[in-house]
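Peer 1: Here you go, one structure.
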Amino acid sequence: MKAPLTMTQASVNMPSTALFPPSSAFRTNNRLSETPIPTSELTLDNRRYPAWQIAPNLLVSFKYAWAGISYAFLTQRNFRIHTIMTATAISLGLFLQVNGVSMAIVSLTCALVMVLELLNTALESVVDLAVGQSYHELAKIAKDCAAGAVMISAIAALLVGGFILCPPLVALAFAL
Ligand SMILES: Nc1ncnc2c1ncn2[C@@H]1O[C@H](COP(=O)(O)OP(=O)(O)OP(=O)(O)O)[C@@H](O)[C@H]1O
């Protein structure tokens, strides 16, 4: 039985044909049958449902990740707002010289909002891919819940930012 590859082994040892196999090999090697592959046998080259393309190395993975972030920034108004809010909160924290733990909390909370907005965008795309422009109650539930998750995280970020940044800001204002 073939031993599962680690990520490093896979990228060093795997021939490019394993990542981009011809269609016939794709079906046999990747076993696109209905037979489930035991988890212990899963490797990088026999993913149950391989993607149209798989990133061949870490650098290319980063490129795709950046493409996703750029897409969200260019197309999602809310993502742009979250980016500006994050930049403002972190700049303010640095300017007010709040302590390291507080900066970490502000950064993590802001990152959570941006991450959820990215996931919301991803989910919207998958839902649109599945149902197109037709109405479906489950599509509505999926999109509304994802939007709700973003909203809750944004409210939490505002509260965290307010609790951490407002006291030193007010103190500074009174000191002037
Ligand atoms: N296929 C669908 N079936 C049913 N309702 C839908 C469907 N597509 C969108 N909706 C409804 O319209 C709302 C807006 O959908 P849309 O895809 O425009 O999200 P959005 O406004 O871009 O969300 P966000 O502002 O978070 O990016 C959804 O929250 C949902 O209530």
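Here the Cβ of each residue, glycine as well, is placed from N, Cα and C on the backbone.
As annotated in TrEMBL:
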- GLU117: active site, proton acceptor (ACT_SITE)
- TYR64, GLU124, LYS143, ASP144: ATP binding site (BINDING)
- GLU117: substrate binding site (BINDING)
- GLU124: divalent metal cation binding site (BINDING)
- 54-74: transmembrane segment (TRANSMEM)
- 94-116: transmembrane segment (TRANSMEM)
- 146-175: transmembrane segment (TRANSMEM)
Peer 1: What whole-number distance in angstrom separates the two most remote CA atoms of the ATP-binding residues TYR64, GLU124, LYS143, ASP144?
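Peer 2: Greatest Cα separation within the listed binding residues comes to 27 Å.
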Peer 1: Expressed to the nearest Å, what is the distance separating the residue listed as 'active site, proton acceptor' and TYR64 (ATP binding site) at their Cα atoms?
Peer 2: 17
Peer 1: Within 10 angstroms of the C-beta of GLU124 (ATP binding site), what count of other C-beta atoms is obtained when all protein chains are considered?
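Peer 2: Excluding its own Cβ, the number within 10 Å is 16.
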Peer 1: How would DSSP class the residue listed as 'active site, proton acceptor' in three states?
Peer 2: helix
Peer 1: When you measure from the Cβ of LYS143 (ATP binding site), how many other Cβ atoms are you left with inside 10 Å?
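Peer 2: Here the count is 15.
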Peer 1: Among GLU117, ASP144, all listed as recorded positions, which has the most CB atoms within 10 Å of its CB?
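Peer 2: That would be GLU117, with the most Cβ atoms nearby.
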Peer 1: Counting only residues 6+ away in sequence within the same chain, which have a CB under 8 Å from the CB of TYR64 (ATP binding site)?
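Peer 2: Long-range Cβ contacts: ALA55.
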